[in-house]
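Undergrad: So Swiss-Prot lists the following for this protein:
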- 100-256: domain 'Helicase ATP-binding' (DOMAIN)
- L113, A114, C115, G116, F117, G118, K119, T120: ATP binding site (BINDING)
- 206-209: motif 'DESH box' (MOTIF)
Amino acid sequence: MSLLKMEYNLYAELKKMTCGQTISLFNEDGDFVEVEPGSSFKFLIPKGFYSSPSVKTSLVFETLTTTDNKITSINPTNAPKLYPLQRKVVSEVVSNMRKMIELKRPLYITLHLACGFGKTITTCYLMATHGRKTVICVPNKMLIHQWKTQVEAVGLEHKISIDGVSSLLKELKTQSPDVLIVVSRHLTNDAFCKYINKHYDLFILDESHTYNLMNNTAVTRFLAYYPPMMCYFLTATPRPANRIYCNSIINIAKLSDLKKTIYVVDSFFEPYSTDNIRHMIKRLDGPSNKYHIYTEKLLSVDEPRNQLILNTLVEEFKSGTINRILVITKLREHMVLFYKRLLDLFGPEVVFIGDAQNRRTPDMVKSIKELNRFIFVSTLFYSGTGLDIPSLDSLFICSAVINNMQIEQLLGRVCRETELLDRTVYVFPNTSIKEIKYMIGNFVQRIISLSVDKLGFKQESYRKHQESDPTSACTASSREERVLNRIFNSQNR
């Protein structure tokens, strides 16, 4: 551990690295506090901060020669086969680590690789290459299966622990598997942190962007007080502030043959209201809507918009244009609404729900991977990051208030490389609730812009349903407003 005074140069380096964000670290008293320049406190500077050679230091760090936590079940013939770009990542990692060892720097690397790159299989290859006992830490149990599959393919002895770190510690007294796959809440147990710090050399933090290391979390404390010998952060959307804990980054661009289209489903709605809607509208400008909770609640009861989403999905699915669909909402009640209506239309053999409150959901996800046609309805929280269904070909985004990191992760669910190349996303920028009309339009525009500018999607307008739906007849004034609405939306984009 490095307890240092917060001198100007150190503070400036940290501030630059975090893009000017507030910096919080543990001080010499063990308090997690905001760092101020010229503070009289000494601060615990994370080991991974020094992994970059651009950070000047006289500190000397331990190397792998000081430990003997080697994998016993390694079999070189079981190493996974990698694509050329994945092999390039491995080559970069090995080259960087040689330099780190030579310079006596911490062996900490962030693998910033696009969604669908194959971070899991690439990291398993590196794990087998290093031959060191490994802890794989995931943010939720839904990610366990994809790691289990790849670790088993490499032939490594492993143990999975989802519930009850105390029972795991008892088992570890008699056996110490080569690979531990655990959920991050295990790191709240100090005895477990001490154990893996002593008996395991490599720590892999999957989906590292899901942790804000500027908060006093279990992962933050573990990396500060029980830093592993080697560490990988895996992410497609890194948090700038997390670089303080893992300051060496490898980012190799991925070229894709996927044909990616984002359909903007424009529609003009007559104003819609109910007593419930009028009650929630009163809360839009209050503190209870700070995180747009009521904005999303209003969307969930926007019946005309919900019906448009259903009509579009049903039309596309029945036509065979799309076959393996992910429907994403922000709120659980919104998810349940779509699930029940789709279940009535297509039945339980086709429609599935990704419910965080159902313990059987991970098993259900495994079972639908082999299906040719299905509709999977879930929430952004549960399926927005790390959902492992590579065959997904389409995504319906029913919510609107999503930050850039979540957008990129969500769109990545349909950007996995498979033999089928067409990928389609549907967004719905309109609402029948006039009080949130422009707000929703702006939020959805952010999704469209990021998908086109950063992720290579092609934007298209979708009007099949509105043009063919006999219920869409309207008065001349309504038609005029519809035209003006479309012009406004197109100019906005």
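Backbone N, Cα and C atoms are what each Cβ position is placed from, and that goes for glycine too.
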Undergrad: Quickly jot the same-chain residues contacting the motif 'DESH box' (206-209) by Cβ under 8 Å, restricted to those at least six beyond its ends, or write none.
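TA: Same-chain contacts beyond the flanks: 110, 119-120, 136-139, 143, 147, 233-239, 242, 246, 385-386, 405, 409.
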Undergrad: Quick one: which residues besides L113, A114, C115, G116, F117, G118, K119, T120 have a Cβ within 8 Å of the ATP site's Cβ centroid, in sequence order?
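TA: Here the nearby residues are T122, A236, K254.
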Undergrad: Which residue among the binding-site residues G116, G118 has the fewest other Cβ atoms within 10 Å of its Cβ, if you could check?
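TA: Counting other Cβ atoms within 10 Å of each of the binding-site residues G116, G118, the minimum falls on G116.
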Undergrad: Within its own chain, what residues at least 6 apart in sequence put their Cβ under 8 Å from the Cβ of F117 (ATP binding site), listed in sequence order?
TA: L85, Q86, A236, K254
Undergrad: Per DSSP, what is the helix/strand/coil residue tally across the motif 'DESH box' (206-209)?
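TA: Tallied per class, the motif 'DESH box' (206-209) gives 2 helix, 0 strand, 2 coil.
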Undergrad: What kind of secondary structure is K119 (ATP binding site) part of, going by DSSP in three states?
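TA: For K119 (ATP binding site) - judged by DSSP and reduced to three states - the answer is helix.
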Undergrad: So for C115 (ATP binding site), how many other CB atoms are inside 10 Å of its CB?
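TA: Excluding its own Cβ, C115 (ATP binding site) sees 21 Cβ atoms within 10 Å.
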Undergrad: Across the motif 'DESH box' (206-209), what does the mean pLDDT come to, as a whole number?
TA: 95
Undergrad: Which ones in the same chain are close to A114 (ATP binding site), with CB under 8 Å and 6+ residues apart in sequence?
TA: A236, A253, K254, G412, C415
